[in-house]
Each structure stands twice: as C-alpha cells, then as structure tokens.
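K.L.:
Have a look at the structure that comes next, please.
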Amino acid sequence: MKEMELELTNSPLNGRIEVPGDKSISHRSVMFGALAEGKTTIRHFLKGEDCLRTIDCFRKLGVNIEETDEEIIVYGKGWEGLSEPTEILDAGNSGTTTRLLLGILAGRPFHTVLIGDESIAKRPMDRVVVPLTSMGAKINGRSSGRFTPLAVNGSKLHAIQYELPVASAQVKSAILFAALQAEGETVITEPQLTRDHTEKMIKQFGGDITRRGNEIVVQGGQSFTGTNVYVPGDISSAAFFLVAGAMVPGSEIVLENVGLNPTRRGIIDVLVQMGADIHVEASDAIGEEIGTITIRTSQLKGIEIGGDLIPKLIDEIPIIALLATQAEGKTVIKDAEELKVKETNRIDTVVNELKKLGAEIEATEDGMIVYGKSPLTGARVSSHGDHRIGMMLAVASLVANGTLTLENPESIAVSYPSFFEDMKQLTQK
Ligand SMILES: O=C(O)C1=C[C@@H](OP(=O)(O)O)[C@@H](O)[C@H](O)C1
Ligand SMILES: C=C(OP(=O)(O)O)C(=O)O
C-alpha cells in the first residue's frame, strides 16, 4: 500500500481498547531471555517489525525462540549460548536493536556484521561505539564507526566510569550490556533520567544494579535466570489515542493495561497541564507499573515543554505537536535536539507535514513553536517512512476538514501493526 485516503473529520472516539505491548520492554525481554539460563516466557509481546527484527537477530545468534499467538518463548543458554552467526544481522528500522546489540556483541568472542535500513544508516552509532571502544570493544564501521554497516570483533571488556553526553536510554543500555560482561565495576552518570527498563529487567532476571542519584552502578560478570515477563501496553502507542480523545469533540475512551513507568509518562503530565480531562488508575503490578487511562474531550491550552520532561516523552513529541495545533495559545517545545536523529529528523518532518495541513508551526534549533488553535484541512502528506509521523498524520485526519491522503502508511507496522484496526474500532458509531 503506497498511500491511503482518510476521511474521518470530526469522528468522535468512544470505547475501550488495550494497546499492543511496549516496544522498549519487548526488545529487552528477548535480549535478557536470550542471555539468561533457562526458559523465558513473554506475554503481550509487541509483534511490530522492530521487535521481530530483534527476535530474528537472536535466532541468527543461535538462540531458540518459539512464537505462538499468545506468547514468545526464549530458550536461553547464558552468555555462552550465543554463537557466531553465518549471516549478517539486519536490525531493519530499529535503533534500539542496533545499539543494544552492539553492547551485547562487544563482549562475545566472535565476529558479527550489523546492518539496518536506509534510515538506520543515517543514525549516529558513534554515541555507542565510542564508550564501548573505551571498554576494550573492537568495532569498525563506515565513517570510522559512526554509521552502519558495523563489524564487531568481540573481545574482553573492562569496566568504565562514563558520563553520558546525551540523555539516551539506548546508549545507557548498550553500556550496561557491555558492563555486565566486563571485569570490574562500571559507573554511568545520566544528565537526565531516561527510561529505566534495562535496569528493571536486570533485577527481574536475577541480576544486581544500583542507582545513586544520577549514577548507575553495575558489577561485571553477572549471569541471569529465565523468568516470565508480562509486557505492559505501550504508552507511546496509547499517546496517539490519548491525544485523539482529548481533542476530537464528543470523545470518551478507556485505554487498559498501559505501562505507567515514571520515566515514560511525560505525555500524561503534558495532557494534565494543557487542561485535558484525564483520569489515571494504577493497578497492582510486579515490576513495571501499569494502569487504566480514561480521557474525554476538553478545552486545551498551550504550554511550554522542555528540560527533564523531554526524555520522558521524546517519542510523543510528533503527536504533542498536533495536539498543540488544537490548543488555545502558544506551545513551545524546547531542549529536544535529539528529535533530529530519530527515524527521520522529527523537527523538520513534523513541521513540514503539519504546515501542509494548515498548522501555524515553526521549527527552532531545539524543538518547535505551535500557535493554536488553528483549523486543519486535508492534504497530501507523508510518513517519510517514520511510524510515529504516520500515526500522527492519521490522527490529524480526525480533526482536518476534507480528505487526508497519507503516503507510506505501512511504516506504522514498525511499532503498532493494528493501529488502523484500533482507530476503526474507536471511531465506529
Ligand atoms: O531505549 C529505548 O528503548 C528507546 C530509547 C529512546 O531513544 P534514545 O535512547 O536514542 O533517546 C527512544 O526514542 C526509542 O524509541 C526507544
Ligand atoms: C526512535 C524510535 O525507535 P528506535 O530508536 O528504536 O528506532 C521510536 O520508536 O520512536
């Protein structure tokens, strides 16, 4: 499917859904399952393209992984259970797969070649290659190891003390995977708190890790035991319907079993500050926090978003920008330069595509400024191969007058294969 026509102007959203499993947690559950000894059973795993790439890479590394409709079963044999692949590992569109795998492979005693798609080929890998190299890793790649394809010759690693130059959970996690195999104690300092699923999962699989303020301390030489994982609904996927529910007149929706990890729930803070009618009810859970979110349409106002909140909503900025077009007044999004190195340059793609719909929006060096409330109209727009841009534009069709033609909608399957089915279910009269 090269393009899709959407005519959903002012279709209210009503009903209850459970969004698919969290992408970050799904990747990590396969990785830890593969590195652990014994069986790991994963329920509510996200069968999006990115996470299926992670499964494919671990199969090529010799790990037995079974897939049923209900669960993923990983038969881990410990760190030593990984073996030299005969094929190139292809991470597809997934930055998480590429960067976290580098941390794992850096310490395995064999040779691997890692590639991805054309978007991955533009994303900086030196942010991971530099610290891993200082731990003793041998990684070569295009542009002195800045970009894929990358070749890893696994070697003996030693611990480091590292201050992250950017707030990135992928860089932190890659170093953690290397540190777990290294000799000695590694200390990582984060400039801002980023998603902590790796830290949580180290504990869940029987390992040890401590946090002292913004420092994370981990000992090398750890092994893990297989366990059962339930993956909460992805708040980054829920965000598209939270925004739709807040801004499309006459909506009331309930999203069940959504992950509410405090390092991920910035979108809820933003909705509250903008004046949304939102209610969050936490459920009892072991490990990752989870709950039900109810949202109803309300009058919204523009706000300023920046600082420590940014890592907690980094992937939600495209959909927040759309929300801001429907809020009264000015919304400023700042401190978000990281958007430039995602699947697309998300400052440029968000601004350019929303302008085509008539939004008053301008790009800044570290974010964007949106002037609301502005009426949107249908137009020909494109996801540019970026799943989050595709979903943001599909949600825009709910408030844009006329037909919105979305080019390249298939990229949405990267993180939310059933997105259009869920949207249809919620907009059905
Ligand atoms: O660790 C993760 O699972 C992720 C971390 C974030 O990237 P950065 O670490 O580059 O900020 C986020 O944008 C990405 O979707 C998933
Ligand atoms: C940036 C994203 O993912 P990744 O870095 O894993 O490609 C995303 O899902 O928005």
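Even glycines carry a Cβ here, placed using N, Cα and C.
Note: TrEMBL annotation is automatic and uncurated.
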K.L.:
According to TrEMBL, LYS23, GLY95, ARG123, GLN170, ARG346 bind phosphoenolpyruvate; so which of ARG211, ARG212, ARG296, ARG388 is the extra one listed there?
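P.N.:
For the phosphoenolpyruvate site that includes LYS23, GLY95, ARG123, GLN170, ARG346, TrEMBL also lists ARG388.
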K.L.:
As a test of the contact definition, list every same-chain residue at least 6 positions from ARG388 (phosphoenolpyruvate binding site) whose Cβ is closer than 8 Å to its Cβ.
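P.N.:
Listed in sequence order, they are SER236, ASP315, PRO318, ILE319, LYS342, GLU343, ARG346, SER415.
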K.L.:
Would you pick out, from the binding-site residues SER24, SER168, GLN170, the residue whose Cβ has the largest number of other Cβ atoms within 10 Å?
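P.N.:
The residue with the most neighbouring Cβ atoms within 10 Å is SER24.
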K.L.:
Can you give me the same-chain residues 6 or more apart in sequence from LYS23 (3-phosphoshikimate binding site) with a CB-CB distance under 8 Å?
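P.N.:
Listed in sequence order: LEU46, GLY48, ASP50, CYS51, THR96, ASP234, SER236, SER237, SER415.
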